[in-house]
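According to TrEMBL, the feature transmembrane segment maps to 16-40. The feature domain 'AB hydrolase-1' is assigned by TrEMBL to 131-372. If you look up TrEMBL, you'll see S211, D337, H366 marked as active site, charge relay system.
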Amino acid sequence: RPPCAMDWQVENQVRVGLFGSGVGLSLVLGFGVAYACYYLNSIAKKPQLVASNDRFCRFLEEYCPVVTETYYPTIWCWEGRVQTLLRPFITSRPQVQYRNELIKTADGGQISLDWFDNNDSLYYPDASTRPTVLLLPGLTGTSKESYILHMIHQSETLGYRCVVFNNRGIAGEELLTPRTYCAANTEDLEAVIHHVHSLHPSAPFMAAGVSMGGMLLLNYLGKTGRDTPLMAAAIFSAGWNVFESVESLEKPLNWLLFNYYLTTCLQSSISRHRQMLEKLFDMDLVMKARTVREFDKQFTSVMFGYRSIDDYYEDASPCRKLKSVGIPVLCLNSVDDVFSPGHAIPVETAKQNANVALVLTSCGGHIGFLEGIWPRKCTYMDRVFKQFVQAMFEHGNKFFSM
């Protein structure tokens, strides 16, 4: 008998021995059932809703029910680091046509705003009263980030207008002064909010911030209290305590996966403006930083006049200002987010402010929140954003009259 026939017979016998007897199939089915049980019992959970105000809870349960429903993370990538790493590559990038506007600041600088006017809005054809959402991207993010594009896509279907606040010098515009941005200084955000509101004073106005954008927005709200044209805000994956965030990011695996890359992104964002920034900084020293903490020590804290890195991190931590927030704010975090560790989320402080609601998922990572078998089009974060902004714009009068 030819060797090939003998090989085929041996392989066939092995196959018959395993699957013909049902042993292999039983192993596969057993593993599948065990994994499904583990997933349903330990991974898929309802988020924890933290709010001292029963009125806020009832409002969310009725008009933003996603925050009370079980979150089913993508079954093959539910771990926080994996979700964080894969989201930018998996999620789609909806096409958005922006109208760019450069506005001047009091110190002679300029800020780049990207508008999505939604002039084809069927629900709000009158531009003067069309609801407006101000979007704040993360640390090195711009209006081109996939999570921003998804928020705009969700807003488009509801008929709303969006404007993206790009931090100084990060969206292709030139730095006119040797100053960029940080999580603690809210001057540029205040200027943008005043500018947008002055253009559309009759339009309902909300804001949504992601990661550092969320921290900046929270710090602004803590500073202004009720004295803001914003009617409400949504915060996603904010770092509540910067000391805890950088400590988490400096753990060996997290440094390798996130910290070093983020530091190089920060350096890249300022290298284009090196000629302007060299007037005030030792850029060679800044470019030697290997962690976010080192970058902030040599650059960010110095730029904004802090005596030490600790002083800057103290001022940048939104947990210190949460008590002073004076408008309804919904904050989504995952407790497995290495950028914002679960133990640093200010649950007890949130309970002391009737304007604040925290939504805490057990999985989701940092700006991850992937769900579904192939999580390309919509994430749990997108659904929370869509339902909350719609709830406030469409039913906010019921909330304020409760």
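Cβ atoms are placed via backbone N, Cα and C, with glycine included.
Taking the Cα atom of each, D337 (active site, charge relay system) and S211 (active site, charge relay system) are about 11 angstrom apart.
Residues near H366 (active site, charge relay system) in space but far in sequence (CB under 8 A, at least 6 apart, same chain), listed by position: G80, Q83, T84, S211, S237, S334, D337, V338, F339, S340. Residue density at D337 (active site, charge relay system): 28 other Cβ atoms are found within 10 A of its Cβ, drawing on all protein chains shown. As a whole-number mean, the pLDDT of the domain 'AB hydrolase-1' (131-372) in this prediction is 97. Neighbour density for S211 (active site, charge relay system): within 10 A of its CB lie 26 other CB atoms from the protein chains shown.
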